[in-house]
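Annotated features, as they stand in TrEMBL:
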type: TRANSMEM; residues: B:30-47; note: transmembrane segment
type: TRANSMEM; residues: B:59-78; note: transmembrane segment
type: TRANSMEM; residues: B:108-129; note: transmembrane segment
type: TRANSMEM; residues: B:135-155; note: transmembrane segment
type: TRANSMEM; residues: B:176-201; note: transmembrane segment
type: TRANSMEM; residues: B:241-263; note: transmembrane segment
type: TRANSMEM; residues: B:275-308; note: transmembrane segment
type: TRANSMEM; residues: B:320-340; note: transmembrane segment
Amino acid sequence: MTSLIETEDIGKTYGSVIALSEVSTVVNAGEVTCVLGDNGAGKSTLIKILAGVHQHDQGTFKVEGEEIRFSSPREALDRGIATVYQDLAVVPLMSVWRNFFLGSEPTTRFGFLDSKKGKAVTKKALSDMGIDLRDVEQPVGTLSGGERQCVAIARAVHFGAKVLILDEPTAALGVKQAGVVLKYVAQARDRGLGVVLITHNPHHAYPVGNRFLLLKRGRALGSYEKSEIDINELTKQMAGGAELEALEHELRGVEA
Amino acid sequence: MTVTATAPPAADERLSKPRVMDQLVKRPEIGAMLGALLVFLFFSVVTEQFLSMGGAATWLDDASMLGIMAVAVALLMIGGEFDLSAGVMTASTALVTALLATQLGLNVWLALLVSLAFALAVGALNGWLVMRTGLPSFIVTLGSFLALQGLNLGVTRLVTGSVQVSGMRETAGYESAGFLFASTFQIGGTSFYVSIIWWVLFTVVASTVLLRTRFGNWIFAIGGATQSSRAVGVPVVRSKILLFMTTAFAAWLVGSINILRYASVQANQGIGLEFQYIIAAVIGGCLLTGGFGSAVGAAIGALIFGMARQGIVYAGWNSDWFQLFLGVMLLAAVLVNNMLRRRAERVRR
């Protein structure tokens, strides 16, 4: 089976700044590839290349086995790669169903919006994902942060995404809300989508992930299958192992 | 699976409570309707003429000229932009038509077409500059406002030697064009200007586009969250430029009504009106920050304007009081709008 996305030694420089270098990973259908790293590790650069916002300048980027270089997010979208950005997922003052169909609105024969169909399809698509909203007419802004992420995820799934890129979907959420979002990530995975989950929280990544790519300062620190690593090791790797131990010593010194 | 949180039941019980308010949130023009009713009742009681047919014809006409522009400006504001050149544009388009017809002897219909092309070009330029530079439209259109103001006066003085263009009555096609833009119709023996019909028509079309078409959906989206809309494939640049062109079109319509009704135009006309348009749109429920508002609301905002302006005259008061009224109305409208938006945007995490 060919992977949905495969990158090999991919890299990107902004002028003299090396933002990403020699990163290899795969995204398979029905699997979650987690990209972990601290701020400035290169996570955003990587997903922007996958989403078509930026172009890589080293290595190869294959979509379904075919080498590719997107020139716009629209192109990536047409190849079935949908990205849900942390803050850019929805328009708060617009209703749920109008958000859901934004950019792909259903119309009647006369070119008018088919709001009846829009509302029904939105409700159905959301409930298929296990999101039960009574009123799809309410502004998205009245939903909680987690629910808004879920609407964005359901939208991507509904419009035929094969790969779902989620940029820190749990970053600004409380523990419970994060759990809800992760549940929908798992739902999307079980429906056969390939998911790229970007996060800096190993506790969010580990339960749903199949593969973990750790980035640090633009380089791959390691790439593991779930069977190769446990959560403690993942957390340790992520925090920079030895560095954290040194820090712990320092802090203990202050306490004493 | 280690995560088994179930949110929906909790979401439902949170949903049921603020439903009445949520209904209000969805109707931005509610406040304006209430205000219009109050103003109508007030002047109906206080003055004699206000309720008469002649009185109604006067305040409806006043409201219509403002309303056509207010509706277009409202669409633009919902799309997240301002156009300060809108007021002067009504004079510019009238001047272009008048100069072409009186000085070059063009048929009025042809002159109208040329001035329409001129208006659309200025609108497109406004939009293109705003999108290209990424500067606030407030600044860009302030520039085109000043530039047009200068052009209006400069060109008029250069060509006619004065600051007004008159003599439209003698031009070819004045009668037929006048019938379309500046004639009157009779209801119960009272003459109403045809501009009222244009106003209603423009409002109906604008509101339908806004609420019932894909483009309308995009207007709300690009005003509410430009980046998000771009991310899902909404053509942001094209839509915004089209909105600026719509405002310019409305200015052409109002300019044409003016020149064909009065047969002359002052070069300094229209200055200061741009704020009246914005005020009417805000009273009608438009947010200054974009993404929310209503075309019908803006039309009602203009109606309040017209009723109050003429009502104060009928009541025999000094027209200075109109400004006070306007200020209070605007503040009240902004406060109500703000409250509604906070409700709609409230973030629960």
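Cβ coordinates are placed from backbone N, Cα and C, and glycine is handled just like the others.
Owing to the predicted nature of the structure, the values given are computational and were not obtained by experimental measurement.
Within the chain, the transmembrane segment (B:320-340) has long-range Cβ neighbours (under 8 A, six or more residues past its boundaries) at 24-25, 28, 31-32, 35, 279, 282-283, 285-288, 292, 301, 304-305, 308-309, 312.
Put simply, of B:30-47, B:108-129, B:275-308, the stretch with the most CB pairs closer than 8 A to the transmembrane segment (B:241-263) is B:108-129.
It is B:59-78 that, among the stretches B:30-47, B:59-78, B:108-129, B:275-308, forms the most Cβ pairs under 8 Å with the transmembrane segment (B:176-201). Among residues of the same chain six or more beyond the transmembrane segment (B:59-78), those with a C-beta under 8 A of the stretch's C-beta atoms are 50, 86-87, 90, 192-193, 195-196, 198-199, 202-203, 206, 209-210, 219-220, 223, 243-244, 246-247, 249-251, 253-254, 257-258, 273-274, 276-278, 280-282, 284, 286-288, 290-295, 297-299, 301-303, 305-307, 309-311.
Same-chain residues lying 6 or more positions outside the transmembrane segment (B:30-47) and placing a CB less than 8 Å from one of its CB atoms are 24, 55, 283-285, 297, 300-301, 303-304, 307-308, 311, 314-315, 329, 332-333, 336-337.
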